[in-house]
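Student: The structure that follows is given in the form of structure tokens.
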Amino acid sequence: MTPKSTISGRHGEVAVAAEGLIKRFKTGRTTIEVLKGVDFDARHGDLTMVMGPSGSGKSTLIAALSGLLRPDEGKVAALDQPNLWKLSDGKIDRFRLEHCGFIFQGFNLFPALTALQQVTTVLGYQGAEKGEARQRAKAALEEVGLGPRMNQRPSELSGGEKQRVAIARCLAKNPQLLFADEPTSALDGENGQVVVRLLRRAATEHGAAVVCVTHDPRLEAWADRIIRIEDGRILEDQRRTPDPNATLSH
Amino acid sequence: MSLALSTLIYEWRRYMAAVVALAFSGLLILAQVGMFMGIGRAFTAQIDRARADVMILAPGATGLGNGPSGVPRRILPTIYRHPDVVQVAPLDGSGGRFQNIVPADEAAEAQNPNQRTGAEGQGGGQQGGERRRMEFVNVTVVDPIPGYVTVPTDYSDELLEALRRPYAVAVDETALRRLGVQLGDKALYNGKTIEIAAVTRGYPNMMQATLIMSRDTLRMLGEADTGPRVGPLMVKLRDASRADAVAAQLNAQAGGQYRAWTRTELARANANLMFQEQIIGVMLGFSVFLGLLIGIAITWQTLRGAIMANIKEFASLRALGVSMPSLRRVIMELSFWVGVAGILAAGALTWGVGLLAGANGVPMAFSAFWIGMVSVLLLIIAIASGFLSLGVLKNSQPADLLR
Ligand SMILES: Nc1ncnc2c1ncn2[C@@H]1O[C@H](COP(=O)(O)OP(=O)(O)OP(=O)(O)O)[C@@H](O)[C@H]1O
Ligand SMILES: [Mg+2]
């Protein structure tokens, strides 16, 4: 195992916890309440799946947890920050830079950069030295199985490979919080399986708290915990034993 | 390589419009400056290559051929009296109507519109095929003695020998086409027959063509100065390095009748004359304004579009914690590189236009000063456009990536 896994000692500790989250959106004259007082927590080393019907507020929830979207009410405690939303915008940026990784449905890679550059760019902003950034980026790309494709640009990569670059971009930061929103829905079964295994590994080996929003019930096999959300409320919170050797059949 | 530079190089097509706009803004200004400077240099060529170390102009003159010209003939001997002076000669010149001589039958053919293209297709060979031309020309006089003060330094002895023949004239190669003549042709000047005995090189004729002839030829044509006033005096010194001192001494005894200039002093005054013309200042100012306006408008919109095309990528950087000021820096760097690309493109374009103009007898000249000024202007345009397009970064909402 790489030295990165030092924080795995925190397995089981709460990494992020939300209390009474309320988020409303105004559309025209009507206001809809998307999160209706959600209490939520996610632990280091867990792959926590958030599932629920479309429009139930899953994406809004992780946006509020990760410091991307300010909730109207409620509190988020994340890592050593007792109240994330009390921080200034600059400090929240800094918090995300240091601790958070994101994987989106789209891959959002700069067309001009090679896989390696995609990763080193972010590390550079984190303040890593050039040489160190390269080293970490290479290690991350090798971890996602893209060692040989390191110098390719997004246009030369398949969808699955692009998503793996996006994952490497997060993993290289060694984040303690990893948020994924439908990371597999643009991918076929095989590539989806590679991606979910990587998320699984980030939790198990790096001790990250991985929160993954998905529609796909087949991904449940890898989860430590499944949270079902409907209409802005948590319906069910179920702990289970993941099956790391599960396969995504079509 | 930085994100900004990689993006510009890899997605150059997206930024092409901005680069082209900057290039044309630069060309708009540089081509005009180049033309004016080219004209100015053609004027100063005469001074730069003169053998005179000191030139004596009328008191109010601000350059050769600008302001009152000529001095009283009486002062010629006073100048001579200065112990450093070895030669003094007045510049003389004239001007009039020039006509080429076309054999009658070919002239008729050439004048016939139905066959004109055929006639011109021969390229104006020595034996005719030229159309009849009538042009107004300037005449400048030299004393065709090797090394004499009125002879430009780059005139060869063969050229002077040719000019020593009666009724022989020299024209610059850039004027041949306009005058419709070739070396060796006969032509008419104010109704009198002259011969194109030599062709010079490097004396572009911008406004009017110039005929060079000997003082004797001008006299035989009946146009030499014989009155109480003569043209500016060309003065050769025993020791050229004394020019400043001698000019000062001559000026001290001028008594308001003339002003002595050193050659360098006069060349500088002549070069700057062009830009003191108000109309040129207005034209240039207008071009700068137009270039600025069009350059900014197009570069701004292009940058905006290009940033919008990558807005999701920028948003994902924001999600990962890259701060807004950092992204702004990327945009500013990008616009800087667009500016650099624009400067290079403007250079290439202007160079091409300069070649084209030079081949057509309008030589352009560029100075480091103006190239620097235009480069700075293009950079300002690019960076201002970058500033204006910073606003689109507001659209890089990372929360929008979560849906
Ligand atoms: N910026 C916004 N402005 C207005 N309404 C919004 C905004 N963002 C989300 N909503 C609304 O909030 C509700 C929940 O959105 P959210 O994206 O959290 O759903 P979701 O559970 O992620 O759904 P899906 O599974 O389709 O992604 C939806 O009804 C949506 O229309
Ligand atoms: Mg969603």
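In case you wondered, yes, glycine gets a Cβ from its N, Cα and C as well.
In TrEMBL, annotation is done automatically, which means it is predicted and not curated.
According to TrEMBL, the feature domain 'MacB-like periplasmic core' maps to B:18-252. What TrEMBL records for B:109-132 is region 'Disordered'. The feature transmembrane segment is assigned by TrEMBL to B:279-300, B:334-357, B:369-393. The domain 'ABC3 transporter permease C-terminal' annotation in TrEMBL covers B:286-397.
Have a look at these and tell me how they're positioned relative to everything else.
Tutor: Assigned with DSSP, the residues of the domain 'ABC3 transporter permease C-terminal' (B:286-397) fall into helix, strand and coil as follows: 97 helix, 0 strand, 15 coil.
Same-chain residues lying 6+ beyond the ends of the transmembrane segment (B:369-393) with a Cβ under 8 Å from its Cβ atoms: 18, 22, 25-26, 29-30, 33-34, 37, 288, 291-292, 295-296, 299-300, 302-304, 307-308, 311, 314, 324, 327-328, 331-332, 334-336, 338-340, 342-343, 346-347.
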Student: Within the domain 'ABC3 transporter permease C-terminal' (B:286-397), what mean pLDDT does the predicted structure show?
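Tutor: Mean pLDDT across the domain 'ABC3 transporter permease C-terminal' (B:286-397) comes out at 90.
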